[in-house]
Amino acid sequence: KFEFNPKDGIDNPALSLTEDTDGEAVGEPRFYLLSKGSMETFGFYLNEELGCQGHVIRQVELGGLAQRRGLQDGDRLLQVNGHFVDHMDHHRVVQKIKASGNQVLLAVLDGGSYEAAKALGRDLSQMLPADIRPRLCHITRDKSGFGFSVSGPEGVKGTFQLSVQQDGPAERAGVPPGSWLLELNGASVSNYSHTQLTRKLKQSGSKVTLLVASSAVEEFYRLHGLRATAAVADTSWLPFKVRELHMVKGPAGYGFLLKEDDCSSGATGQFLWDVDAGLPADQAGMKEGDRLLAVNGESIEGLDHQQTVLRIRARDDQVTLLVIDPAGDEFYHSVGFGEPWGAAKLDD
């Protein structure tokens, strides 16, 4: 969790960059996969400055992990988790970073190269690969199976390529033909033998969740010395969706009760109950047991019950809530995605 100050930018919690880049050629974008603990800080600010174009990296903590790995004062942020952000409103970029939770993939360009490219009218998005996100896919078996087969070099652990049956369950779930398998049900397959993988698949029952990468995406991560994880994945193919509920208060209020309880992850969450039929909450699609993720576009992670209530009441007559049902909440926790709120904000 970090606070956004429109004057100062983002106070980012400290990051451990899980992997090094393969070198920093002058004038080329650099990529950093940043992972932090929940009590750490990123160790830099993201600013919007008068007379200075772009989203500017500032106050990189001296001796901090981000500084040691190469993030530099004056760098311009171009991409967040594969999304080009240079043209976006600064607050929206902040939201994307916050939505990523404890892990984020950033692409930056040094300040001099950025300003030179802008002066030349260069399209900065063309300097970046078109797609660098692995894909998270949830497959339900039919009578013929999951609809994919696995192959890999004999005697080599952790290298598995998928052949996908046309119009089978895997293809319908979004698995690209010829993709590489990275995780199975939230666990890395990097140390699995073919026999172990086969056994794990059999133990999965009728449903399985795969993190997969196309050949181009796999090559990008390998060449940059980065590790692709579910936290930066494309989740648009998943059946579990967060829902945005916009409500205008009626004479009898919104028509729901907010209660604090334990989440499936063990953390404390805010849940929606006693949804009154016919009132604004019911009309907006709220369901009993939905967990509240965000209020008016701001995550409630780290807020207690009273703070969340005040956030809902901040606007007198209307509110927009981001929620997820219990099955979806359990799914995201099981695959190590962190907050499901990220799945919505990363894909918008």
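Every residue gets a Cβ built from N, Cα and C, even glycine.
Annotated compositional bias 'Basic and acidic residues' per TrEMBL: 1-10, in sequence order. Sequence annotations record features per position, and here TrEMBL assigns domain 'PDZ' to 31-112, 136-216, 244-327. What TrEMBL records for 1-21 is region 'Disordered'.
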Which value does the mean pLDDT take for the domain 'PDZ' (136-216) in this predicted structure? 94
Which residue counts does DSSP yield for the domain 'PDZ' (244-327) in the helix, strand and coil classes, in that order? 15 helix, 33 strand, 36 coil
For the domain 'PDZ' (31-112), the number of residues DSSP places in helix, strand and coil: 17 helix, 34 strand, 31 coil
Per DSSP, how many helix, strand and coil residues does the domain 'PDZ' (136-216) have? 16 helix, 29 strand, 36 coil
